[in-house]
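What TrEMBL annotates here:
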- 71-95: repeat 'WD' (REPEAT)
- 105-139: repeat 'WD' (REPEAT)
- 149-185: repeat 'WD' (REPEAT)
- 192-228: repeat 'WD' (REPEAT)
- 236-278: repeat 'WD' (REPEAT)
Amino acid sequence: MGTAAGAGALRLPGLHGYAVEFSPYCPGRVACAAAQYYGMAGCGTLAVLGQNEAGIVLLRSFDWNDGLFDVTWSENNENVLITCSGDGSLQIWDMAKSKGPLQVYKEHTLEAYSVDWSQTRGEQLVVSGSWDQTAKLWDPAVGKSLCTFKGHEGVIYSTIWSPHIPGCFASASGDQTLRIWDVKTPGVKLVIPAHQAEVLSCDWCKYDENLLVTGAVDCSLKGWDLRNIRQPVFVLLGHTYAIRRVKFSPFHATILASCSYDFTVRFWDFSKPNPLLETVEHHTEFTCGLDLSLHNRGQVVDCAWDELVKIYTPSCLAVPV
């Protein structure tokens, strides 16, 4: 255990971090969605951060009149981002513009908690998930949602596009299920009773189109093979409070990372008999946001309710010299 080497940190005073995401275009550039008063009251801020020799610097910030809970970068414009907020709306921002947002989409009737831009070439689709128990499909060029997906019986915490299958996304919910959807069909494709607790996060493996991971309030991570959902293909135990976010590595087929309300970030290799590779303890509050860089092998960004965003390379992901 310990803090990670090579860490840079930036404090966002008065803001509690909910989500972070590396830019798909600019190495080291990060977006952070944050909220005042732990997201329970007050405003929100989208902070765009960069790195230089001195550490992490604030490049741009945009304010919204409610807490921001998630952020996703455009896949076709390096300056465009989408956030989602406590008032149920999605906001489109352009870093090249002095003020924003460019557009606001207000359809969800409760908190919009998750937003993700499709990484599949040829599609410019965004999916959002809400506490109103629905997921919505958006084309950023169209002023209203294209489709609403109903079926969850609890809050939706996470919506993530498949990096492999066009038009396919997963959702994780307080109803204890992981669900798989296809935008071409209105009903749910697959319902996986993933945990006996609220499921707060899910992610797709970058190397296997049938493999997903879920993280839940029961402190466990579970791997799911969509071809046989009766039993998880792996279970990872070690966190001591709810797992808030989970991410597969873009460079290692069997490595993933998770962050938790136990203040830690943990790195795992589910192919090993002892899967826990490393525990990073460098936050003093709930750790909510987590991402792994596509550009810089082994680089990680996280954020927490202690107002800190940290970019670092854990020793277990450091490339051997």
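Placed from the backbone N, Cα and C atoms, the Cβ positions cover glycine too.
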For the repeat 'WD' (105-139), residues assigned helix / strand / coil by DSSP: 0 helix, 17 strand, 18 coil
Helix, strand and coil totals (DSSP H, G, I; E, B; other) for the repeat 'WD' (71-95): 0 helix, 15 strand, 10 coil
Surrounding residues of the repeat 'WD' (71-95) on its own chain - C-beta under 8 Å, 6+ positions past either end: 19-21, 23-26, 31-33, 35, 39, 44, 46, 48, 59-60, 62, 64-65, 101-119, 124, 126, 128, 130, 132, 138, 140
Counts by DSSP class (helix H/G/I, strand E/B, coil) across the repeat 'WD' (192-228): 0 helix, 21 strand, 16 coil
Among 149-185, 192-228, 236-278, stretch most in contact with the repeat 'WD' (105-139) (C-beta, under 8 angstroms): 149-185
DSSP-assigned states of the repeat 'WD' (236-278) in counts, ordered helix, strand, coil: 0 helix, 22 strand, 21 coil
Stretch-averaged pLDDT - the repeat 'WD' (236-278): 98
